[in-house]
Structure formats: C-alpha cells, structure tokens
Amino acid sequence: MRDFELNLTPEQESKKQYEYMEKAKELVSIKEKELGRKLTFSVVTFGCQMNARDSEKLVGILTEMGYVEVEDEHADFVMYNTCTVRENADNKVWGRLGYLQSYKKKNPHMIIGLCGCMMQEPGVVEKLKKSYKHVNLIFGTHNIYKFAELVYRCLSSNKQIIDVWKENDKIVEDLPIKRKFKFKSGVNIMFGCNNFCSYCIVPYVRGREKSREPKDIIREIEGLVADGVCEVMLLGQNVNSYGKNLDNPMSFANLLREVNKIEGLKRIRFMTSHPKDLSDDLILAMKECDKVCGHMHLPLQSGSSRILKVMNRHYDKEKYLDIVRKLREAIPDIAITTDIIVGFPGETEEDFEETLNVVKEVEYDSAFTFIYSKRTGTPAATMDNQVPHDVIKDRFNRLLKVVQEISAKKAKSLEGKVVPVLVEGLNEHDDSLVTGRLENNLVVHFKGTEDMIGQIYNVKLEESKGFYFLGGIV
Ligand code: SAM
Ligand code: SF4
C-alpha cells in the first residue's frame, strides 16, 4: 500500500525518508566492507531544467547514503532521469539501456534505476518488465521524494522494484539536495502543468499544477544564499500561473518582489513564461526588481494564429507581439528568447512563413527550434494532417538559418558595451581566462582568476564570436 494513502503529513514523510537514508547507509557500508572499496554512483539527466533539479535531489540522497559520485556509468548505481517530451529523448534511453546491460555483466551487483517523465508513459513499464529485466528500480515523477525508501527496498531485495503513481498532490520539503554548481541553483516554485497544449505530453506525465508555499521558496533561497549561491532560476512549466491554487493565492510578480528582497542574492532568472498568463504587473515587477535579469524566455511555438489555436495556446500572433512591445517599452535592453515547433499537424507554407515573419519582427536573441514530435496520448498525435518529414526538414533548416543570422546580429550589436557578468568558472581551454554569463544568458571569456567565481563584474564586450564574446574587465 502506498504511504500517501496512509495520509502522512509532508513533515512526517520527510522524517520517514531520512530514516530510510540511515537504513540504506548501513547496507551500503556492509557492501563496502565486502568489496573493500567505496560504492559509486552516476545520475544521468535527460531533458529540461526541472529534471536537472530533480537529479540534484537524487544525488543528494545517494551521497547521504554513502555512495560516491563518479562521472561515467561504470558505477555501482546508475540512475537515468528520463525525459519524454520528444521521441528522440525516449530513443536515447532505450539505446543506453542496452549498453548498461554489458556493464552489469561485469559488475553483477550493479543497480540500474530509471525515473522521470518517460516512466509515466503508458507501455514503458510493461516493456521494461518484459525485455529489460536488468533494470532494478523504476519510479515516476510523482514519488521522487520516496527515492530513499525505494533505494532501501532495492538494496534489500533481488526483485525488480516498480512504483509508478498516476498522481499525487503532496509536496515534501527539506530532503537532501546536492547542487551541480556552487554559485547558482534552480529552485522549483511549482510542479506540473494545467495547460494541455495539444502537442505536449508534459501535463500527462507531470500531473496537475501545484505551487509551493512562498515561505518554503524564500526559506530555500535564503539557505542557498547562505551556502554561496548568488543566482537562482525559478522553475515551473508556466511560472505566470504561480500561486493560483495556494490557500492564500500569490501572483508570480509578487513572488519575484519577495525573492528580490533576499539579502546576498544577486541574480534572479525564471522559466518558463507562458504568454497567455503574462501580466502587466509581471513586466512592472521585472522593471522594479534590480536583481531580476533582463531576459524573458517567451515560447512562441508558432507565428500563425490559426496553428496557435489548434495548439491550444490561448494567445494569437497579435497578443504575443503586443507582449513583446510592452516588454521592450518597459525594459529597452531586454533579451528575448523563445521555443518554436516546426511541422505541427496541418502547418502550411503560409503558416510557416508567418512564424518566420514573427522571428524577423521580434529579433530573438536566441531560439530553441524543435521538429514536431508525435506524442501518443496527445490530441495532436491523432490529427490526420501530419506534415511530411522532408517538408518539415526543409522548413526547419530555413528557420534555423534565420534564427542564427538574427542571433549573430544581436550579439554583434552588443560589441563595445559594458555589462554586468557573473563569473561561472575558469575557461576550459585557457586557465588565464574566466568564463562569465551576461544577463541575456550569453557567455564572455576574459582575463581572470579562480577566486572571481561567483562574483559579478562589469565587463566590456570587446568582440562578438557569434554565440560568445571576448572581453575585459573595466
Ligand atoms: N512549459 C513550457 C512552455 O509552455 O513553454 C515548455 C516545456 S517543454 C518541456 C519545452 C519545449 O518543448 C516547448 O516549449 C515546446 O517548444 C517543445 N515541445 C513540447 N512538446 C513537443 C513536441 N511534441 N514536439 C516538439 N517539440 C515539443
Ligand atoms: Fe507543455 Fe504547454 Fe504545459 Fe508547456 S504549457 S508544459 S508546452 S502543456
């Protein structure tokens, strides 16, 4: 029986998970003695920033149990945190599972675990049960907070453990997290999605929208700042609808204002903003809050109002362009980036040209361009006017060319400017240089030393190289 049916409070659940971490730690320690070495793990993340943050939770828990992280998959415990937003994400996982089988032959006590969005898809668990018996642990997106308990069950049994839930409305706070970066961190402000864009599988695999309490978010960020973090990325599938389902509703704009007050925090980013819910107050909050980066990721998906309607996006081309105009009026230097899907069912050459026209009109700083991928279970998958692959490919290449030309032009226009830059690390090829990030998310390399990591400097952008700059501190 699932514990959430026993109605444990989130606090009791968190306490119980710490008890499982202790119990697992004992089993790990016994195994270490047996092998005469430390046990190792590797968590491999597929997909978005949400998954990256979830993986930090998995890493935190495995570290707490005594496992030691290694870079490659020749480890005692390998976890794949999967994505299913496009078909090629699924294919990558199936391919790599084959490789893991050969690793496991050499290291029979190896544990292989799978979690994340792909596990919530119908048919996946059945396929794993039938043909991938070497996978030890399978769970989904709704019970990641039970990871410690599931690992313990895995360590104390030889059976394949499968625990995939259809839903859950509980948010369990305060479990261990080990960040990938010392100075920056993602922070979930909400989970799930209510929007049901007709091409998208996310609402089916991540469940309905749930917002975290503002006090929990603020407490987490204060803790991160105390631990050396100076930049946070507030994460949600549609941050603009944050707080609507809380007992005391709070808008995303007001959450930004609260986060902006946190002492010691230097930069705030957020994603993703759905155009249909983007309020004038959010634009005002971005303008008022000095720590909020001048960057808006605003997915367009298509520039054709007819296609946007079939995509169930609840805005049209005019409304989208109106938001862009308001953003630029309020924050003249704002960087705008986007997501675009090419080849949605029924997309005609005219629809595609409308997308190209919006791209030229907005002049995005950068854009993620995707080939439409048919996801079983979504309304678009059963539409009978699917676009032929060669037509999609041709449109995709044309779009990419326009996007890249505009990005390069936008970057070039920044040459000579002095901008605030957060130093993220030493340059990978030349350690007399450091690499830092601009508010618009582009990187710049300039002379510097390791002790500058995590600090913001004013840097002159001396030369644009298309997707990055060379610069110097002023
Ligand atoms: N919630 C975010 C939003 O609404 O913009 C996006 C989340 S989704 C993980 C990221 C991007 O993947 C979407 O903006 C969309 O462009 C793309 N995407 C989603 N479903 C897709 C599909 N079936 N085929 C191709 N691209 C897709
Ligand atoms: Fe998918 Fe639309 Fe939700 Fe974004 S808002 S996750 S594209 S359904």
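The backbone N, Cα and C atoms fix where each Cβ goes, glycine too.
Nobody curates TrEMBL annotations by hand; they come from automatic prediction.
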Quiz item: Cys48, Cys83 bind [4Fe-4S] cluster 1 according to TrEMBL; which of Cys117, Cys154 goes with them?
Solution: Cys117
Quiz item: From Cys48, Cys83, Cys117, which binding-site residues have a C-beta atom under 6 Å away from some atom of ligand 2?
Solution: none
Exercise. Please spell out the DSSP helix, strand and coil residue counts for the domain 'TRAM' (412-474).
Key: 5 helix, 34 strand, 24 coil
Quiz item: Reported as an integer number of Å, what is the Cα distance between Cys193 ([4Fe-4S] cluster 2 binding site) and Cys117 ([4Fe-4S] cluster 1 binding site)?
Solution: 13
Practice problem: Would you find the one among the binding-site residues Cys48, Cys83, Cys117, Cys193, Cys200 whose Cβ has the most company, meaning other Cβ atoms within 10 Å? | Solution: Cys117
Quiz prompt | Extra residues within 8 Å (Cβ to Cβ centroid of Cys193, Cys197, Cys200), [4Fe-4S] cluster 2 | solution = Asn195, Phe196, Tyr199, Ile201, Val202, Pro203, Gln237
Practice problem: Give the three-state DSSP assignment (helix, strand or coil) for Cys117 ([4Fe-4S] cluster 1 binding site). | Solution: helix
Quiz item: Can you list which of the binding-site residues Cys83, Cys117, Cys200 have their Cβ under 6 Å from some atom of ligand 1?
Solution: Cys200
